[in-house]
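J.: Sending over a structure as structure tokens; questions will come in a sec.
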Amino acid sequence: MRKIYIFDTTLRDGEQSPGVNLNRKEKVEIALQLEKLGIDRIEAGFPAASPGDLEGVSAVARAVKNATIIGLSRSRIPDIDAVREALKDAQDPCIHLFLATSPIHRKHKLRMEKQQVLETAEAAIRYAKQYFDKIEFSPEDAGRTELDFLCEVTDMAIRAGATVVNIPDTVGYMTPAEFGNIFKTLKTNVPNIESIQLSAHCHDDLGLATANALAAIQNGADQIEGTINGIGERAGNTAIEEVALALATRSEYYQAQTTLNLKEIAKTSRLVSKLTGMVVPGNKAIVGANAFAHESGIHQDGMLKEKTTYEIISPETIGLVESKLVLGKHSGRHAFREKLIDLGYDLGEEELNAAFAKFKDLADKKKTVGDEDIRAMLEEKLVDTPEVYTLEKIQVHYGNQSVPHATVSIAVAGAGMKEDTAEGNGSVDAIYNAIDKVTGEAVELEDYSIKSVTHGKDALGEVHVVLKQNGVTASGRGVRTDILEASARAYVDALNRLIDKRNSPGRRDNMSLI
Ligand SMILES: CC(=O)SCCNC(=O)CCNC(=O)[C@H](O)C(C)(C)COP(=O)(O)OP(=O)(O)OC[C@H]1O[C@@H](n2cnc3c(N)ncnc32)[C@H](O)[C@@H]1OP(=O)(O)O
Ligand SMILES: CC(C)C(=O)C(=O)O
Ligand SMILES: [Mg+2]
């Protein structure tokens, strides 16, 4: 199986992401983690860019022992000298020279003819060769460069002393077939091409960076350049974790592999995200929070029966502990039952069905239903308290310039539906006054408390009330995403328990599930 070398440019092209600025300490921290990940080559920065970047590259060169350290340089002597200075302590240094070769860049940016491009690049490579054994040369914007000129440039670079020729699709313009064809053409047309390594450097402007890198591998590339989490200029670079996992998962197909320590991928991704401030989208391949999470019932059922039904990579492969079954409105009974068992609830079939119906109701209101939501939902109600009153509907009118009023509809056992409206000095007070009017019960509100039992804007609110009537007290609890509804339910629950106590003196509360 062919080895594919991984060239990480998180600290150079990745740092070119707008808003990202890594200091020396942060560069070293990331570089040491890249070393643990088993990256072959680390591009630590662009030393001519600033004294701070030169220092950062130098610090990485001193810290890392088991990877080639690279500094980027324009085809200019002062830039090359800056890389020499930055890499003087590196155990295995390499300079990365570049010069654009496409007609657009030649004409508008460099204002050079083809011949000047060839001469400028050759002079830079020959100057650098006096100081570096390892030289990578990149014809910038190779993707939009005439193929015959690209062959000429590659030939020049080999003769001048480059050890790696990197083909950048600088603006992410290539399709996989076109990009693969560049490698095939160079392999068949450039003399002594086998004496150097060919590399691919792709950008993700059309979302093809990984596909293009894989096409390069299929057509003979020895090295892939990329960044962790795919960060980088504009839409970013090839995500190293994507190439590494594509090769690991489909090694038979690609007949190629990296020597990365894949178990370090999740940790590396988190570190890069933390230090660059670039959040990894939830749906990002391999390292997104949802990459190993399953929400829908049919998938969760499959996962519980056999993980390979819906996972082509195990989370352990990249250093995560396990897949997640996320409970939400698309989940089914199998996953719900599994979650209840995990939480220590052992429900019979009927209870499970009732709880599942309540869960679906809650899931319609919340994005995801967490453990706390489920506990709160299951423990909300006292099954053996007869429901004399059942809250059916509440409607509240509130405005900071008007008196709040509420209408409640309550099903009264043996007496059908009753509805009434009342005002109050706040929305909760109005609801409680309306409930009192419907029930005709004279009770005192001894205590009212509210807390959030889950997190986020759509968290569940839990309300506790204590009601008193003729010296007898009873507490009630209501849990809903809406705190007014939770307040109403807690009050009605307490009323039912008060009536139960009144009817069965000496009886103790008996909490049970659902
Ligand atoms: C595709 C890539 O990712 S390439 C790497 C891009 N990264 C960066 O640019 C980050 C670091 N860059 C910088 O800090 C600055 O651009 C510096 C320090 C390198 C140069 O700054 P300045 O001297 O002020 O030049 P500026 O950036 O405005 O313009 C670039 C100059 O380099 C020239 N140039 C661009 N690429 C090359 C090259 N590979 N070799 C030689 N000259 C080049 C441009 O034609 C322009 O030259 P001009 O001043 O004669 O017109
Ligand atoms: C410096 C080069 C390789 C680059 O980043 C690009 O062309 O995208
Ligand atoms: Mg780039």
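All residue numbers here begin at 1 and follow the chain in the order shown.
Yeah, the Cβs are placed from backbone N, Cα and C, and that goes for glycine too.
TrEMBL does not curate its annotations; it predicts them automatically.
The shown structure was predicted, so the numbers you read here are calculated from the model rather than taken from an experiment.
Features from TrEMBL:
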DOMAIN    4-266  domain 'Pyruvate carboxyltransferase'
BINDING   Asp13, His201, His203, Asn237  Mn(2+) binding site
REGION    390-514  region 'Regulatory domain'
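Help me picture these features in the structure, burial and contacts included.
T.: Averaged over the domain 'Pyruvate carboxyltransferase' (4-266), the predicted model reaches a pLDDT of 98.
DSSP gives Asp13 (Mn(2+) binding site) a coil state; it is part of no helix or strand.
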J.: Please spell out the DSSP helix, strand and coil residue counts for the region 'Regulatory domain' (390-514).
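T.: Per DSSP, the residues of the region 'Regulatory domain' (390-514) fall into 34 helix, 51 strand, 40 coil.
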J.: For Mn(2+), what surrounds Asp13, His201, His203, Asn237 with a Cβ no more than 8 Å from their Cβ centroid?
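T.: Everything else in range on the chain: Thr9, Pro168, Thr170, Cys202, Ala209, Glu225, Gly226, Thr227, Gly232, Glu233, Gly236, Thr238.
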J.: Enumerate in sequence order the binding-site residues Asp13, His201, Asn237 whose Cβ-atom distance to ligand 2 is under 6 angstroms.
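T.: If the test is a Cβ under 6 Å from any atom of ligand 2, the answer is Asp13, His201.
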J.: Since the record lists His201, His203 as binding-site residues, which of them has the fewest other Cβ atoms within 10 Å of its Cβ?
T.: His203
J.: Are there any residues at least 6 positions away along the chain from Asn237 (Mn(2+) binding site) with a Cβ closer than 8 Å to its Cβ? List them or say none.
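T.: The answer is Thr9, Asp13, Gly14, His201, Cys202, His203, Asp204, Ala209, Glu225, Gly226, Thr227, Gly230, Ile231.
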